[in-house]
Amino acid sequence: MVCFSSLFVAASAIAVVFASPVDHEQLAKRQSTPSSQGTHDGYFYSWWTDGGAAATYTNLAGGEYSVSWSNGGNLVGGKGWNPGSARTITYSGTYNPNGNSYLAVYGWTRNPLVEYYVVENFGTYNPSSGATARGQVTHDGALYRLFESTRTNQPSIDGTATFQQYWAVRDVKRTGGTVNMATFFNAWTSAGMRLGTHNYQVVATEGYFSSGSARINVAGGGGSTPSPPSTPSPPTTPSPPPVTPPPSGGGSCAARWGQCGGSGWNGATCCSAGTCQAQNQWYSQCL
C-alpha cells in the first residue's frame, strides 16, 4: 500500500533541495550594497553594481573605503572628488583580486562623453586587451601604456550610450603611490584623445565576474582643469619721461652753489643768489 503522506514529504524535500540554489542566489543579491553616489566625510564616493554579485561597499573615515565581492556580476566603486581635475592623488591600502578586476583612478567627462582609467593594478586580465594602442608615458618611475576603445550602447553617467574609453595601464603593478593626473590628461591629449568637462573622479576598485576584496585610502586634492589662456592686455602707451623741476630758489635761475654755465650747458645761466662765476671752460657755479 502506498503511503501518500510519505510521498508528499519526500516530494517536498526534493523541491527544497532543487529550490535552494535559486534562493541562495536571490539572497546574495538582496545582501549586496545598492548602487549610490554622494559625499562622505569630505570626499565624493560612487558605487555601482549590476546586481549580479554578492558585493559589499563601505565608506570609512576620510578618504578610505572597503569593498568585497563574489559570485559574478559587474561592480565598481571608490572615493575621490566631483568634479575631477588635473590634481595629484596619493593612495594606499590593500587589494586582493581573484579573477578579472582592477584598481584605477577612474572618472568621466562630458562633451565628449569619455570614461577613463589610470590602471595601477589588476587581476588576471589586462583591462586594455583588445583596445587600440596610442603610445606610452613615463610617470613616477614607471611606464604606462596608453589605449583607446569604443563602448557601444553600454551603461554610462548619461544612461545607456556609446562613448570612448581612455586607458593608461602601468607596466609594474602597485597598490599605493602618487598619480599626477595632469601627466595623463596631457598624454591623452597629445595622442589626439580629447577630454571634455569633468564629472567625478575616484580611486576605484572594479570587479567583473570575479571575487576579491580591497581597502583603499585616498588623499590629495588641489589642482584643477587647466584654464584657457587669458586674453592678452593691449600694450601700454609709454609714459613721457619725468620733467626735471626748475631749480629751487625762485624763477628760472640756479640756486646758490648750483651750475649756471659751461660749455654744452643748457640749464639756467643766472643765479637766484650770488653771482655766476666760471670755474673752468666746462663749469660755472653760483657763488
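Here the Cβ of each residue, glycine as well, is placed from N, Cα and C on the backbone.
Per Swiss-Prot, the feature signal peptide maps to 1-19; the stated evidence is sequence analysis.
What Swiss-Prot lists as domain 'GH11' is 31-219. Confidence annotation: the domain 'GH11' (31-219) carries a mean pLDDT of 97 in the model.
Secondary structure from DSSP puts Glu115 (active site, nucleophile) in a beta strand. Residues or ranges marked as active site, nucleophile in Swiss-Prot (evidence: sequence analysis): Glu115.
Per Swiss-Prot, the feature active site, proton donor maps to Glu206; the stated evidence is sequence analysis. Other Cβ atoms within 10 Å of the Cβ of Glu206 (active site, proton donor), summed over all protein chains shown, number 26.
Annotation comment: Swiss-Prot describes 252-287 as domain 'CBM1', evidence class sequence analysis.
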Whole-number Å value for how far Glu206 (active site, proton donor) lies from Glu115 (active site, nucleophile) (Cα to Cα): 13
Cβ-Cβ neighbours of Glu115 (active site, nucleophile) (radius 10 Å): 21
